[in-house]
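Taken from Swiss-Prot as is:
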- Cys117: active site, proton donor (ACT_SITE)
- Lys22, Asn23: phosphoenolpyruvate binding site (BINDING)
- Arg93, Arg122, Pro123, Val124, Asp125, Leu126, Asp308, Ile330: UDP-N-acetyl-alpha-D-glucosamine binding site (BINDING)
- Cys117: 2-(S-cysteinyl)pyruvic acid O-phosphothioketal (MOD_RES)
Amino acid sequence: MDKLIITGGPRLDGEIRISGAKNAALPILAATLLADGPVTVGNLPHLHDITTMIELFGRMGIEPVIDEKLAVEIDPRTIKTLVAPYELVKTMRASILVLGPMVARFGEAEVALPGGCAIGSRPVDLHIRGLEAMGAKIEVEGGYIKAKAPEGGLRGAHFFFDTVSVTGTENIMMAAALAKGRSVLQNAAREPEVVDLANFINAMGGKVQGAGTDTITIDGVERLASATYRVMPDRIETGTYLVAAAVTGGRVKVKDTDPTILEAVLEKLKEAGADITTGEDWIELDMHGKRPKAVNLRTAPYPAFPTDMQAQFISLNAIAEGTGAVIETIFENRFMHVYEMHRMGAQIQVEGNTAIVTGVKALKGAPVMATDLRASASLVLSALVAEGDTLIDRIYHIDRGYECIEEKLQMLGAKIRRVPG
């Protein structure tokens, strides 16, 4: 199992390109199943979860064609089996996203109950209830969700999400794209990745309106056609590299990104003392060698502060001037990285869903273990400013969400290398 060794100290300085967003790419790949012709999706990040989704299509009899720039062409007409097997689904929760498209396009689906990150309870009941509202018959047995559309196909429905669910919104929106009549999704997720998926469905000829608000209206169409689409940039990767610059007192310009989808994070970085300038597709952060100031923050659904940036800001607060409170309202069990950071000398007290972080002047390198995707990013950030070497184990978590993290950090001047386990 690979490990990362990071020697702390250097201020980051330079420019990097941001990858496509995994959390947009996965639902968009799932939505290709809705088309009745070949679809090409570009700007895919080179990540394990993307490879798993493409492998899942291969298992279903679809043969994706991948070019050298990692754009993939998928022709769902060649599908041979409507089963998403456990051995693939268990490694990636996003596999549940094929459920809605398969039931809508092919009339049935069998999808294993998902695995993935070990944070909190992420029930799939909203996906099931949404499809049932559209007339699907669903049974959960033997660890599989077995769904069948009614005769004549899914019917449009009004559905209220009693908790905001990004993947739930995406799954039901995809199913509704081919349902008969109008569907209205209320208390829908507003994330930019949901908007990107809606734009993709519309690029194939769908009729989705209101994505980015809490009410999405979908008028079902008879067929969705071939299309070519480019996935949006990854706002969490963008934010992570900006925080990396902030903790090291450095200067970083991130390119091929979108500052408008990161406003809550940019505000907090300004509060921490960063100078930030933006263009249409770039953001530059400069700390001018200063130590950041501690910030208070509370995670909440978009457009508020994203839960996927919480761990990175705990790393920032850990070496900042002052004390900051970080309140996590989205997932339980999302402070697992705190106990690893204690090994590096961080002063963090967890009380329920709040972490009180008192900044110290210096962290100390130590052997630590990644526990989930974003927590592992926070350990990398802490290691960049720690005295001495930090060895990070279980970095397959990092590889699930960050494309070429060590190469990109090396380009900015970090002392980081990957060693085989």
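Cβ from N, Cα, C; glycine included.
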Spatial separation of Arg93 (UDP-N-acetyl-alpha-D-glucosamine binding site) from Asn23 (phosphoenolpyruvate binding site) - C-alpha basis, Å: 11
For Asn23 (phosphoenolpyruvate binding site), the number of other Cβ atoms found within 10 Å of its own Cβ: 24
Alpha-carbon distance [Lys22 (phosphoenolpyruvate binding site); Val124 (UDP-N-acetyl-alpha-D-glucosamine binding site)] in Å: 20
Lys22 (phosphoenolpyruvate binding site) versus Asp308 (UDP-N-acetyl-alpha-D-glucosamine binding site) - Cα distance in angstrom: 13
Alpha-carbon spacing, Asp125 (UDP-N-acetyl-alpha-D-glucosamine binding site) to Lys22 (phosphoenolpyruvate binding site), which is rounded to whole Å: 23
Neighbour-count leader, CB within 10 A, binding-site residues: Asp125, Asp308: Asp308
Protein Cβ atoms within 10 Å of Ile330 (UDP-N-acetyl-alpha-D-glucosamine binding site), excluding its own: 18
Cβ atoms near Lys22 (phosphoenolpyruvate binding site) (within 10 Å, other residues, all chains): 25
Integer Å distance between the CA atoms belonging to Lys22 (phosphoenolpyruvate binding site) and Leu126 (UDP-N-acetyl-alpha-D-glucosamine binding site): 22
